[in-house]
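Taken straight from Swiss-Prot:
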type	residues	note
SIGNAL	1-20	signal peptide
TOPO_DOM	21-564	topological domain 'Extracellular'
CARBOHYD	Asn147	N-linked glycosylation site
CARBOHYD	Asn152	N-linked glycosylation site
CARBOHYD	Asn201	N-linked glycosylation site
CARBOHYD	Asn221	N-linked glycosylation site
CARBOHYD	Asn250	N-linked glycosylation site
CARBOHYD	Asn264	N-linked glycosylation site
CARBOHYD	Asn310	N-linked glycosylation site
CARBOHYD	Asn342	N-linked glycosylation site
CARBOHYD	Asn386	N-linked glycosylation site
CARBOHYD	Asn394	N-linked glycosylation site
CARBOHYD	Asn431	N-linked glycosylation site
CARBOHYD	Asn502	N-linked glycosylation site
TRANSMEM	565-585	transmembrane segment
TOPO_DOM	586-616	topological domain 'Cytoplasmic'
Amino acid sequence: MFNLIKIFFLVSLLSKWVFCDESNNSNYNTNTSNTTSNTTSSSISASTINITESINTDVINVAVRTQRDVSKPIPIDQVGVAGISLNSVFDNQGYTADSLAELTNLLQLGTQVVLLTLYWNEFTSVWQLCPAPFPQNVTYYLNSLVNVTWNNNTYLCEYGFTTNDIMDTIFEYLQSSNTVFNVYFMHLLLNLKSIHYEKSNKTIDLENIYAPNSRTNIIGNTTLYDTVAPLSPYIFTPDVLESYQNSEANSTQSNYQQFYAQSNYTFPSLDSVLFLEVKRLLVNVVNNDLVDSRRVYSITLRDRSNIFFNNTMPSTTLDTAEADAFCDRVLNSANDIETFNNLSLYTHFRYVTDNNKKRFTMKGVRRYVKCGLSPVFNASSYQVTNDSFAQTSNQSYYPTANESLLDVEVAFEAFIPYNFWSFAPGQPIMNETTRGNVLSSDANVAYKCVAMNPDGWTVEDCYTEYQYACKNITSPNDWFISTRSRRSYFDIDNDACPDGYNFSLPRLSIEMAALYNVIKKENAEYPVWIDLNDITISTCFVSGGPYAQCPYQKTVTTKKFIRMIAPSSIVALVILFLIFLENLFRKNQLQTNRKKYWKKVLSEHYAKHEQEGVPS
């Protein structure tokens, strides 16, 4: 029997080793604070996440993820994002590999837009990062730092620093963040310019100096497609869009899809792109300043199949002055539903960029995102005061008042809380049962529900009675607020809103602007309840009322259940088999003879000592 126990122990260890090996080599780490991918596939991990591991997630990460989740039904051309122009990095670091570390950090901070300027070198016919050509009569090492001059401007450029380095850095970020919990949709915006010269007798010397040689292709690619090709597994291409538009015409549509089907240009929802098409990035030429000449770059069919241009995808890029005027129109209280519908249906991919003459401010950025614009930070430095930085950064370094932050990475981090169209800066509050840790023994208190305030969404006590927002089921910019009715979040049911409306929340910035407009027109009082809470799981904000389930809860599918019980089932079968073998081999001849012998001895003993009656 002792041997049987030892065998059972060894079999148990073996089963654990065999069946746990696969789970230990999972493609994705479910620790949401440091999730990385170990695969080169662009497929997003479909495994569910244990949300309890993210209880201490930074406020910013929760806000980013929540804004993404509520925007899932929205077409990608309407989803608000924020990002940086690499010019702001190169202005400080030079066109060198040193800028890659800063790009990596900016991506990890949540940059969802990267604006990249590419230069078509008419001397060598390649796309390059450096705004000036390299003289070919000088021998360079790949890591040579060279001061090159063109059009009376001098630039610090590293000879071997190419577009491939930028694409590889973005690819590594996309790969490492390719999980259900951390996946976001990015925009790679291209600004095309020429290194141009007018061919004449006077430029013969220039042609000799900058003529291509055997190392020309080291510093760039000959086509736009080749330039972005390292990102191809993740790119949402014009071909993918065309396929979607063809299939959408014959599919059953949700209320949101029916509304946006009225648009002059239909795009798939964020949810479809990320989780059905499994794409992470679109590449869009937002500005084409190529000089028309005999040596100008000719866009190829392969370029058009993988990259969007203005004639294949409409977009708008405004400067700060134009953006201010745009926001004045959008946030005008005289607007009606039709105004907001036109913005949602007939304007697409709305960006605003700044420059060193007029930089973004926190207040300005906040206004831009509220009126439906996506800010792209393009200046080389920003003014950030000590107070505002201290409220938004975990770093030990604080700038003095009005100090210029030459490190754009630090400035962007300080601006992050102002980049959300949804949550107010510093929201959502987490790990609090009550505000100020005040708990009354005779009253229910639960800061788990979200309400609208003048500066965005805030977490409020679910038991407090506020006015609440009702949205038209078929028209997402049509809102109703009853100024005579106040309810706690828990008491807002299906009968709380008029027919054709339900208790809901804004899912993009234009809907939010329309709701602000109604609140002002109806003289409603803030806060106003919207349908969003983290009642079920802390930091997992969901819509659908107080009983809505977090999509990231750890669930057990049939397949997973079989995998879970398989080891114990096999161990049980092995044990039964061993018991059967033991019983089988116990019946040997020696044991049989022994039994017969003792049976005979006992029979003879009873025969000799047979007694009558009951012994006294």
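Placed from the backbone N, Cα and C atoms, the Cβ positions cover glycine too.
On the structure: features taken from Swiss-Prot.
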residue: Asn147; record: N-linked glycosylation site; CB count, 10 Å: 10
residue: Asn152; record: N-linked glycosylation site; CB count, 10 Å: 5
residue: Asn221; record: N-linked glycosylation site; CB count, 10 Å: 19
residue: Asn264; record: N-linked glycosylation site; CB count, 10 Å: 9
residue: Asn310; record: N-linked glycosylation site; CB count, 10 Å: 12
residue: Asn342; record: N-linked glycosylation site; CB count, 10 Å: 13
residue: Asn502; record: N-linked glycosylation site; CB count, 10 Å: 15
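Under the DSSP three-state reduction, Asn264 (N-linked glycosylation site) is assigned to coil, being neither helix nor strand. Each residue contributes its Cα atom, and for Asn221 (N-linked glycosylation site) and Asn502 (N-linked glycosylation site) those atoms are 54 Å apart. Across the structure, Asn264 (N-linked glycosylation site) and Asn147 (N-linked glycosylation site) place their CA atoms 48 angstrom apart. Mean per-residue pLDDT, taken over the topological domain 'Extracellular' (21-564), amounts to 85.
Between Asn342 (N-linked glycosylation site) and Asn147 (N-linked glycosylation site), the C-alpha separation comes to 49 Å.
Asn310 (N-linked glycosylation site) falls within neither a helix nor a strand when secondary structure is assigned with DSSP, and so counts as coil.
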